[in-house]
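Quick look at what Swiss-Prot lists:
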type     : residues    : note
DISULFID : Cys2-Cys19  : disulfide bond
DISULFID : Cys5-Cys28  : disulfide bond
DISULFID : Cys16-Cys33 : disulfide bond
DISULFID : Cys20-Cys35 : disulfide bond
Amino acid sequence: MCMPCFTTDHQMARKCDDCCGGKGRGKCYGPQCLCR
């Protein structure tokens, strides 16, 4: 699991992806960034 996802941050989806290793790899699920 990566950092928490903040709905106020419009870059969050990209940050989650980056944390998980690339585009489309991360998914914000509620307050958590989950990696596929």
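Positions of Cβ are set from backbone N, Cα and C atoms, glycine also.
Put simply, of the disulfide-bonded residues Cys20, Cys33, Cys35, the one whose Cα is nearest the Cα of Cys5 (disulfide bond) is Cys33. Sparsest Cβ environment among the disulfide-bonded residues Cys16, Cys20, Cys33, Cys35 (other Cβ atoms counted within 10 Å): Cys35. The shortest Cα-Cα distance between Cys33 (disulfide bond) and any of the disulfide-bonded residues Cys2, Cys19, Cys20 is the one to Cys2. In this structure, Cys19 is the one among the disulfide-bonded residues Cys2, Cys5, Cys19 with the smallest number of other Cβ atoms inside 10 Å of its Cβ.
Reported as a whole number, the C-alpha separation between Cys16 (disulfide bond) and Cys2 (disulfide bond) equals 7 Å.
Residue pair Cys19 (disulfide bond) / Cys28 (disulfide bond) shows a Cα separation of 12 Å. Taken residue by residue with DSSP, Cys2 (disulfide bond) is part of neither helix nor strand, so it is coil.
In the three-state DSSP scheme, Cys20 (disulfide bond) is classed as helix.
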